[in-house]
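Inspection log for the structure reproduced underneath, given as structure tokens.
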Amino acid sequence: MTRLLHIQCSPRLRRSASLEIAHSFIQSYRQQRPDTEVTTLDLWSLDLPELDQTAMDAKYAQLAGQPLGNAEQRAWARLQALAEPLHQADLLVLSIPLWNFSIPYKLKHFIDLVSHQGILFSFDPENSLQGLLRNKTAVAAYARGLDFSSRSSTPAPAFDFQKPYIEAWLNFIGIANQHSLIVEKTILGPDIDQASRQAAAEQAQALAQQLAARQY
């Protein structure tokens with residue numbers, strides 16, 4: 001059985017291109033693997049705590065190897081609980097719209113809450129940083145309204161801080177096996193939008209069949 005975690009990052013729901021492509025992937029994957037267990041984290045309905053002084057005190061106490069007070073223990077336990085679905089998953093699917101050339105603030109908030117030493121990575125002077133989510137696969141469905149090709153006014157090397165950031169974060173926490181699904185030009189008219197979504201959905205279905213053939 002594959003445990004699939006879908007992190008949903010768009011509030012647009014039925015109108016979301018990233019969510020549409022992620023659903024195409026998940027549906028096709030489940031057709032190949034009917035026993036797949038799917039868990040969804042909708043970041044817009046999830047109660048994300050603030051990374052406040054107590055949580056930061058807990059973080060630095062952990063780094064220093066110092067005991068945590070009661071309030072710090074509660075704050076740290078909440079961060080661990082938020083990260084637990086990532087540890088449990090075999091396959092991580094993220095549906096990510098591009099906002100102002102980067103990722104939605106809800107996703108950045110989530111990443112900041114769970115990306116800590118002892119939760120998603122380890123650190124020691126001899127081995128440096130080691131991601132704790134090894135032997136997992138990630139599929140990211142990226143949606144962009146504009147054209148990010150090299151000939152456009154927003155070429156990806158200069159304007160795309162969405163995909164490179166997610167790839168770096170996934171590598172940092174130990175997920176080297178990554179796949180990208182990209183749908184662009186979604187605000188350039190209904191015909192272009194529909195064609196872009198259709199092409200990305202076909203790529204998603206093909207990738208799902210490819211990954212479903214593997215054993216987890």
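Placed from the backbone N, Cα and C atoms, the Cβ positions cover glycine too.
For Ala17 (FMN binding site), applying a Cβ distance below 8 Å and a minimum sequence separation of six or more within one chain yields Pro97, Ala143, Val183, Thr186, Asp193, Ser196, Arg197, Ala200. Taken from Swiss-Prot, the feature FMN binding site covers Ser10, Ser16, Ala17, Ser18.
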Inset, instruction - Select one residue from Ser10, Ser16, Ser18: among these binding-site residues, choose the one with the most other Cβ atoms within 10 Å of its Cβ. - result: Ser18
Legend entry - Any further residue of that chain within 8 Å (Cβ to the Cβ centroid of Ser10, Ser16, Ala17, Ser18) of the recorded FMN site: Cys9, Arg12, Arg15, Leu19, Glu20, Ile21, Ala22, Ser95, Ile96, Pro97, Ala141, Ala143
